[in-house]
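Structure first, then comments.
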Amino acid sequence: MAQDVSRGWNFSSRNNVRHHTEEITVDHLLVRRGQAFSLTLYFRNRGFQPGLDNIIFVVETGPLPDLALGTRAVFSLARHHSPSPWIAWLETNGATSTEVSLCAPPTAAVGRYLLKIHIDSFQGSVTAYQLGEFILLFNPWCPEDAVYLDSEPQRQEYVMNDYGFIYQGSKNWIRPCPWNYGQFEDKIIDICLKLLDKSLHFQTDPATDCALRGSPVYVSRVVCAMINSNDDNGVLNGNWSENYTDGANPAEWTGSVAILKQWNATGCQPVRYGQCWVFAAVMCTVMRCLGIPTRVITNFDSGHDTDGNLIIDEYYDNTGRILGNKKKDTIWNFHVWNECWMARKDLPPGYGGWQVLDATPQEMSNGVYCCGPASVRAIKEGEVDLNYDTPFVFSMVNADCMSWLVQGGKEQKLHQDTSSVGNFISTKSIQSDERDDITENYKYEEGSLQERQVFLKALQKLKARSFHGSQRGAELQPSRPTSLSQDSPRSLHTPSLQPSDVVQVSLKFKLLDPPNMGQDICFVLLALNMSSQFKDLKVNLSAQSLLHDGSPLSPFWQDTAFITLSPKEAKTYPCKISYSQYSQYLSTDKLIRISALGEEKSSPEKILVNKIITLSYPSITINVLGAAVVNQPLSIQVIFSNPLSEQVEDCVLTVEGSGLFKKQQKVFLGVLKPQHRASIILETVPFKSGQRQIQANMRSNKFKDIKGYRNVYVDFAL
């Protein structure tokens, strides 16, 4: 009589613990490739007899499983050689049950698998059973896996940590924004797998797409394209218009979970809206959930070079006001992308490790809006001919900036700055709330010989490539390196090598007080005459709001100063921009660019100086009232305030935290009086132990992103 396993099969939750997936679930089998997992088979009539009986396992993934493509595998418990890279062996054998171990190869496609068995008994009969499903993930703990990371602290940070910080603001005021990645929250793994199935690749050729899911390079490009919705029903719509009436202001989000669940609940309709940090944060959630080590990177003064010549063009009028430009080249105040850790067997040796992936839809790559993976080492070494999208990423961190004066309908080339793009490249430190500066990973020190050599190497590679399709050689010629001060004063003469070009007068802005939202902005313009002659200056000053992608808004403040300087003399010119002058012109990013364009009466020389000011809010304070214990009530106090000297309306407080709240909490506060400070108490029941984080955001009709966070350690229930 054939054996009967209709009594079922079972897996131990220890599998998920050993495979570091217990944070996702212990109720379903969820394992990583290249690592064994165990099953117990229960027999009704008689036990399994090794040597007489044989168990043949069949695993299948995707809608069209195929042995040749590797999406179907057939392998035996028998000891003889099997051609399948999947293996199985006997652990223990009892009277009515048998424990076996299975192991997927470290190159297997990730995804949802169906497990079947065929029992071939010594009596010659064959019985087939469908046991059920399991999910297979990448395995950064397995040395043979392409995503292997040999540091346990790094694995804990870049795979297992479900919260973090995304750095925003400006290079002079870097602000950590707390974020709930929530990659292990309920249903997130299912949403991540659905995301793969909604890609254009799967829709076009599902068999090949599933077969390629063993490659982290391939999967990362698919995910990158699916986070934005420019080509498909991706997760997020991008919006940089400042008009978010039919969706959420990107600044209001505090986590990825609500975004992914909304996308899933609405039939995969793109969520409105995201900007660069939201795209990167959601991609971090998906990649960590799938098992690929991932971190979020912020690049301050990030170049967006639209024509591929490693030059960012900026245009100014005669008041020093920055203008928009038809080429759409910009310097983003900050830009956020991801780094994912993987081997790159498609590249020469040495270019594996951290790879840049940018889900913000900026430029197309092979016909779709995605960027990367681009090797970080290739970027540092100027190897811009290596896949994928390395020239674009190189320009984001190391392009030169060209200043142009627009006057009388004409454009005059003025100055090329070699060091203003790519500053304070930042990510969260490993197992710490501190910021880690990783600029040196991307480029050699600005001003060094190595940095210029790499830039010229990249330029020559792009120049050679451009000659095959377009004659842009003249555009790709670099100018001489020029050293600039902190506030970027620029001589607006056409660059030459004559000694007379040495700037004799310098201008610089200095803030007198911290720039707090709701208060006047007080600063001075410092003018220094470095020559032995008298100097009469006329200086045009202006202020305008900026979006974080560098797009300028209309000026709202202007002034003119006349300054006479004796030889070697320094003077200050006091300036003040009142709250009433700037309040109605601010963007959500709270960025103000102040500029000054100075000229001498007796000389054609002009000096441009600018400074970006980021206005700050008081943060939300969060207090945990009592000990946090799994499955026991916990009270949380949230203290917030209206920082403005005017009433604000439509106030909404949002609070979330993986393992602490089952879903995002929203509290409608209504109206807050001027300078009013208040608090509320929230009740929750933690359902996961370990280190956790609470994230909070308050929005109103006047501001969108007053944020706060609190780390909480949750103990096991006694």
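The backbone N, Cα and C atoms fix where each Cβ goes, glycine too.
Region 'Disordered' is the annotation TrEMBL gives to one range among 408-437, 468-497, and that range is 468-497. Sorting the recorded positions Asp358, Asp400, Glu446, Glu451 by the number of other Cβ atoms within 10 Å puts Asp358 first. Mean pLDDT for the domain 'Transglutaminase-like' (268-361) in the predicted structure: 94.
Excluding Asn398, Asp400, Glu446, Glu451 themselves, the residues of that chain whose CB lies within 8 A of the CB mean position for the Ca(2+) site are, in sequence, Ala399, Thr418, Ser419, Val421, Gly422, Lys443, Arg452, Phe455.
Looking only at Cα atoms, Glu446 (Ca(2+) binding site) sits nearest to His335 among the active-site residues Cys276, His335, Asp358. Comparing Cα positions, Asp358 (active site) lies closest to His335 out of the recorded positions His335, Asn398, Asp400. A Cα-Cα distance of 19 Å separates Asn398 (Ca(2+) binding site) from Cys276 (active site). A straight line from the CA of Cys276 (active site) to the CA of His335 (active site) spans 6 Å. When DSSP labels each residue, the domain 'Transglutaminase-like' (268-361) comes out as 15 helix, 41 strand, 38 coil, counted as helix, strand and coil in that order.
Non-local contacts of His335 (active site) by the CB criterion (under 8 A, 6+ apart in sequence, same chain) comprise Cys276, Thr298, Asn299, Ser302, His304, Thr360, Met396, Asp549.
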